[in-house]
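**Student:** Structure in structure tokens, see below.
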Amino acid sequence: MRLFHFLKFLTINNFSRYCLKIVKVHIIWITIICIIYFNWRFKKLDFMAIPYPPAVIKFNTSAKYLSSNLASSSQLGNNIFEIASLYGLSKHLNRTPLFFIENGYHKKMLDNLRKTMPRLMEKFRILNGSVPRSISETKFQRACCLHKSPWSLEKNRDEYLHLSGKYYQSWKYFPNMRNELIEFLNPTSIQIFGNLPISDDQNHVTCVHSRRGDFVEYLFYASDPKFMKNAVTFLNENEKVGSRNRKIVLFGDDLNFLETYFSDAVLSTDVGKNAEYYISQNPPIDDFLYSKNNCDVVLITAPRSTFGWWIGYFSKGNKVYYLDIKYTGDHIFESGGLIASDFYPSHWTPLKFASANSFTVVRS
């Protein structure tokens with residue numbers, strides 16, 4: 001009898017456990033469905049931004065480290081600025097740079113940077129997880145595009161120095177490091193640029209970068225076809241190339257825009273076709289490598305474009321022209337968030353329209 005009751009108890013208990021598991025499974029699926037629905041309906045939940053658990057770190061080591069908040073959801077040009085600046089700051093402060101993989105965007109950023117500048121990322125210690133609460137945050141870098149002296153950081157003796165800023169878009173954070181950063185570009189990438197011309201004794205290559213896309217959406221100054229065309233005329237008149245053929249290579253995020261205003265241009269995929277104007281359809285890393293090897297002169301037509309900035313910085317000729325941001329009505333510049341001498345290297349040349357009633361381009 002006792003055995004019977006015991007077996008009955010086990011049967012009921014097992015059934016209860018089974019029912020509980022069924023309920024839990026249904027709750028989990030209902031929760032997942034609700035999350036997906038609300039994400040689709042209200043577009044507010046971003047799975048990529050969900051924080052990872054805190055990284056495991058050790059204290060009382062013999063090293064000192066430097067890390068920062070990162071605009072990891074931004075595009076490649078912004079990402080390179082942040083990493084190059086942190087590397088430059090870490091060298092100045094004699095610290096080891098850290099990269100915390102805080103969420104899905106950080107993971108994507110890391111993957112893209114490893115493809116583009118693997119040797120630079122080898123300089124960083126990579127930690128899988130968010131910044132632990134045991135690391136305090138140090139205020140630094142209040143705006144995107146200006147330089148703040150690191151002298152205040154020199155006094156900090158914390159083992160882990162974590163900065164509050166983002167973007168770090170100033171060449172002054174990595175001065176005199178151009179050759180080193182160029183060498184960090186991925187050397188294993190197959191340097192086949194399609195139909196794009198090669199800079200040599202026969203050809204002089206001018207590289208023109210444009211940016212439309214989200215610049216139009218967010219009311220940043222996007223590339224203006226009138227400025228692009230007239231600035232190219234300015235360069236043709238002022239850049240002496242001797243007997244070499246002039247070749248113009250266009251880079252940009254809006255193929256329709258480029259084909260509309262440069263209808264005679266051929267694509268980099270149009271193998272065998274010869275022309276004066278070409279449009280690159282290559283991946284970003286190939287565009288950087290092409291610039292390193294072939295861009296004698298660079299024209300940046302969207303002055304806030306960080307990708308265009310790096311095309312100029314990595315360029316073979318290290319001779320860069322850009323639309324003077326003072327004449328674009330850029331709200332970041334006008335609010336003091338961008339200082340031109342911090343953002344643009346001093347040997348780069350600003351251009352502008354000659355007057356409000358003229359499309360002739362002149363030096364600013």
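Counting starts with 1 at the first residue shown.
Keep in mind that glycine also has a Cβ here, set from the backbone N, Cα and C atoms.
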**Student:** Among Asn14, Asn60, which is the one flagged in Swiss-Prot as N-linked glycosylation site?
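**Tutor:** Comparing Asn14, Asn60 with the record, Swiss-Prot tags Asn60 as N-linked glycosylation site.
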**Student:** Highest Cβ count within 10 Å among the glycosylation sites Asn60, Asn128: which residue is it?
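**Tutor:** When each Cβ's neighbours within 10 Å are tallied, Asn128 leads.
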**Student:** Could you state the whole-number distance in Å separating the C-alpha atoms of Asn60 (N-linked glycosylation site) and Asn128 (N-linked glycosylation site)?
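**Tutor:** One finds 20 Å between the Cα atoms of these residues.
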**Student:** Through the lens of DSSP with three states only, how would you label Asn60 (N-linked glycosylation site)?
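**Tutor:** In three-state terms, Asn60 (N-linked glycosylation site) counts as coil.
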